[in-house]
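Asker: Okay, so Swiss-Prot annotates it like this:
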- GLU111: site 'Important for acyl-CoA specificity' (SITE)
- CYS142: active site, acyl-thioester intermediate (ACT_SITE)
- LYS163, SER192, ARG249: substrate binding site (BINDING)
- SER192: site 'Important for substrate specificity' (SITE)
- HIS235: active site, proton acceptor (ACT_SITE)
- GLU237: active site (ACT_SITE)
Amino acid sequence: MPITLPATLPAFDVLTHEGVMVMTPERAARQDIRPLRIGLLNLMPKKIQTENQFARLIGATPLQIDFQLIRMTEHQTKNTAAEHMAAFYRPFQEVKHEKFDGLIITGAPIEHLDFSEVTYWDELCEVMDWTQTHVHSTFGVCWGGMAMIYHFHGVPKHMLAAKAFGCFRHRNVAPVSPYLRGFSDDFVIPVSRWTEMRQDEIDAAPGLRTLLASDEVGPCLVEDAGHRALYIFNHFEYDSDTLKQEYDRDIGNGKPINVPRNYYPDDDPTKPPLNRWRSHAHLLYGNWINEIYQSTPYDIQQIGR
């Protein structure tokens, strides 16, 4: 089954060209199927790139997906055209009375700030509390996952002495988890962050279970069954060239940055990078969507009751 997107959303043409099944809302309405309603609370500056990345992953599953784009109500983005935001995004205050089978809360490049210093922190706290009554399963990504684990459990983030940047080996530490069906024991995941969550502090918080971890960059994927949530601190959703774009940007701006580790062949930035995480990215998000499908109420209004 396809993902439902407006025909004018850039992701529609991108995914169609890649062979992902996409349909318009008008066509979806003619099918006698209840699609899974998945929201994307997009906090990233490059909105369109992030839309494409997550739509690609959840659109590759066998289920029909109704993909809804959500923004913070008062925060004004500076990197995406206002026309795009007006055409495709709805503010949280407009959707907060609706129910969702799943919600993805993305990262944001504001790691250097304390959570309380983020201009939209109060509304984001409202969003996170709202997920407990209006969303069946929530997936917090990178800063979004750190924000959720801090909000619900008080586990803090910590600044790193140097940016964790590159493709790092990770271990599958919970192979029986339904979210890790098909996962190898050892694989790489793109990492790009200045902060970390510490394993001992996660272990001390009741109800948290680490599923993926790295000897070099720490815990990666954490399950929070009590809040029906997953938190991932690294970037399975990244395109093949996302780390390259970040590296080239910082080099162009004269910022000190190391070559992303284990990313370019022979660690040579003149060579095209290789994508070694794509299959596991599809597995993780496909497993998440499948778990939602298996457990969400058929009547979406029953979510949270």
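Every residue gets a Cβ built from N, Cα and C, even glycine.
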Asker: In three-state terms from DSSP, label ARG249 (substrate binding site) for me.
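Answerer: In three-state terms, ARG249 (substrate binding site) counts as helix.
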Asker: Measure from the Cα of the residue listed as 'active site, proton acceptor' to the Cα of every one of the recorded positions GLU111, CYS142, ARG249, then give the nearest.
Answerer: CYS142
Asker: If H, G and I count as helix, E and B as strand, and all else as coil, what does DSSP give for HIS235 (active site, proton acceptor)?
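Answerer: SS state of HIS235 (active site, proton acceptor) = coil.
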Asker: So of all those recorded positions, GLU111, CYS142, GLU237, which one's Cα sits nearest to LYS163 (substrate binding site)?
Answerer: GLU111
Asker: Which number gives the other C-beta atoms within 10 angstroms of the C-beta of LYS163 (substrate binding site), all protein chains shown included?
Answerer: 18
Asker: Can you tell me how far the Cα of SER192 (substrate binding site) sits from the Cα of GLU237 (active site), in Å?
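Answerer: GLU237 (active site) has its Cα 12 Å from the Cα of SER192 (substrate binding site).
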Asker: Return the member of GLU111, CYS142, ARG249 nearest to the residue listed as 'active site' in space, with distance defined Cα to Cα and candidates limited to these recorded positions.
Answerer: CYS142
Asker: Give the residue from the recorded positions HIS235, ARG249 that has the most other Cβ atoms within 10 Å of its Cβ, counting over every protein chain displayed.
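Answerer: Result for the most crowded candidate: HIS235.
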Asker: Express the distance between the Cα positions of the residue listed as 'active site, acyl-thioester intermediate' and GLU111 (site 'Important for acyl-CoA specificity') as a whole number of Å.
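Answerer: So the Cα of GLU111 (site 'Important for acyl-CoA specificity') lies 10 Å away from that of the residue listed as 'active site, acyl-thioester intermediate'.
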Asker: Other residues near the substrate site, CB within 8 A of the CB centroid of LYS163, SER192, ARG249?
Answerer: PHE165, LEU243, GLU246, TYR247, ASP250, ILE257, PRO260
Asker: When a 10 Å sphere is centred on the Cβ of GLU237 (active site), how many other Cβ atoms does it contain?
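Answerer: Taking all protein chains shown, GLU237 (active site) has 26 Cβ neighbours within 10 Å.
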